[in-house]
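**Q** Have a look at this one.
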Amino acid sequence: MEDTRDLAERTPRSERKRRDSFGMFDGYDSCSEESTSSSSSEDSEDEVVPSIPANLPIIKNNGQVYTYPDGKAGMATCEMCGMVGVRDAFYSKTKRFCSVSCSRSYSSNSKKASILARLQGKPPTKKAKVLQKQPLMAKLAAYAQYQASQQNQAKSKAAVAADSFDWGHYICNNNTEGAPVSCFKHAPMGTCWGGIAEGVRLEIINSDTNLSTKVYWIAEIVKLAGFKALLRYEGFDGDNSKDFWSNICVPEVHPVGWCASSGKPLVPPKSIQHKYSNWKAILVKRLTGAKTLPPDFNTKVHENMQFPFKKLMRVEVVDKNYLCRTRVALVEQVIGGRLRLVYEESEDGSDDFWCHMYSPLIHNIGWSRSIGHRFKRSDVAKKMDGQLDAPPQLFQKVRDVDQSGDWFKDGMKLEAIDPLNLSAICVATVRKVLADGYVMIGIDGSEALDGSDWFCYHSTSPSIFPAGFCEINEIELTPPRGYTKLPFKWFDYLRETSSIAAPVKLFNKEVPNHGFRPGMKLEAVDLMEPRLVCVATVTRIVHRLLRIHFDGWEDEYDQWVDCESPDLYPVGWCQLTGYQLQPPAAQSNRDVAASVPKQKKKATPYKGQKKKSTLRLKEEAAEVDDFTFSQTISDQESNGSGSYYIKQEP
């Protein structure tokens, strides 16, 4: 990258323009020799920009240069809380904080903050001032390299462009809302989304201009849907004719004040350029006290897009053909935290499996042996160059449990989401108790004789439930295949099979305040075809359980998914990470396999009698002395409310 100072020295002084701390030009016509020579040494090293036409109303500004006594001009952003205000009203000589409180809070961790500020190219403290020039240039070079690498990755993908589906148009036409990013703790920015909401201002590329050079303007978030925001340029007020959608985690979006610190021009849209004669005064008035993105927003986005799994790392993953066992697989590709794993014995690399790095389906090498899980040994005798076992700390941890005393036992009955038909919750049986809280589960009435379709669940898994869960929460329970005594009654079934139900206390009853609501849009993995991420809707919420509907597809393809599943993502996740998003299936070609990559199941899943089974507790009171069902709240589909349990009385 060519040094900015060298460019400035080769550029005539008449073409250099001074910007205030909005990044707005003080004079597009030209700057006089006197005004240029009187500027500070820092101003003389500003990035050189192409000349801008002199017919914009912002240029003359009544012939006055808008500056403050400290030599800086325009607005400032508090480095502690992100508040935007007039620079002259800020606290301290350096004008870095909006109040004494922010200054003191910042000082409590001053060393770390000072380093971070220099890396971000912010005005440093006096002690650090001599260190600014090189880190800023290094940062710009690194950032340019990062952008180039992202573009190269996007070009190398064989799939259709990830942003081919217009989320903004889809949300507006259907008058729906997207689930907030804070609902997805595993997604980038999921834990640091903070106060990003409607009304927040930011700086973004101005597309409403005839200028050949890239210029910016301030915009306000009008509507937020996941990573996507409906933006309105400052100055349009109630006029929505130029509103546009943008992913606010892309490199072109910045907090207010970025243009000033980076030497980028702020130019009003051509549609409203004549609306005000003094744009600076308007911005000062409107932005004072307004909220903007955190100063380190772009840095956080970049950090959140780094993933620990690397190509050729070895892991243990469930065998997609025999769910009861695991196999060794190699990480072939990492996109947004999702891993394309190729089974180690696959010669051509086509035998693969997609999952998230936090999926409960993948484990470190040696996990199966440590808990007693079935494992298929690889015929590959020697590791290839570059292969290494993924470190155990990279995998999602499960809660420690005490298996002594009253614990799961072989033959106990429960309810479980069928891993081969995720739209159904079925009658199930504990088939084998493993170590570290894991159990093997089989679906009653449809198990293979060799147990090849048993599935491993941890005792804290949100996909297994005590007997009676579906009845209490008005969910259709799928009875065992071939069971003719319908409607299904747990009491009769336990008596007929000489079985006992797993104790309720062994199940996970925690319900986080997840934030989902019915009708929210999101991007969800089709777990029956886990390479696909589809446009989806939350249609029902039962405690922490979400019913996910794939837009454009019949309800029979719906899936029950936990609210903290790593296979759910905010609107705009695919665009941000470069993953291919599957749009809603068109009504006319849902069943045409050639035009829709989402595949239907080979056989219609058994769902038992369509009529929901009911338990007439009062009528059967004399026969059910050993079970008492209780429900503490009527609204079982509220967010994090209600509880369910079955009391087993001696």
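Cβ coordinates come from backbone N, Cα and C, glycine included.
Found this in TrEMBL, in case it helps:
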type: COMPBIAS; residues: 1-21; note: compositional bias 'Basic and acidic residues'
type: COMPBIAS; residues: 29-41; note: compositional bias 'Low complexity'
type: COMPBIAS; residues: 598-615; note: compositional bias 'Basic residues'
type: COMPBIAS; residues: 628-642; note: compositional bias 'Polar residues'
type: DOMAIN; residues: 69-104; note: domain 'FCS-type'
type: REGION; residues: 1-54; note: region 'Disordered'
type: REGION; residues: 588-615; note: region 'Disordered'
type: REGION; residues: 628-650; note: region 'Disordered'
type: REPEAT; residues: 165-269; note: repeat 'MBT'
type: REPEAT; residues: 277-373; note: repeat 'MBT'
type: REPEAT; residues: 375-480; note: repeat 'MBT'
type: REPEAT; residues: 488-584; note: repeat 'MBT'
**Q** Can you break down the repeat 'MBT' (488-584) into helix, strand and coil residue counts using DSSP?
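**A** Taking each residue of the repeat 'MBT' (488-584) in turn, the totals are 19 helix, 30 strand, 48 coil.
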**Q** Pull the DSSP breakdown for the repeat 'MBT' (165-269) and write it out as helix, strand, coil residue counts.
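**A** Once the DSSP states are binned, the repeat 'MBT' (165-269) shows 16 helix, 28 strand, 61 coil.
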**Q** Ranking 165-269, 277-373, 375-480 by the number of C-beta pairs under 8 Å to the repeat 'MBT' (488-584), which range is first?
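**A** It is 165-269, which has the most Cβ pairs under 8 Å.
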**Q** I'd like the per-state residue tally for the repeat 'MBT' (375-480) from DSSP, helix first, then strand, then coil.
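**A** Helix/strand/coil tally for the repeat 'MBT' (375-480): 7 helix, 36 strand, 63 coil.
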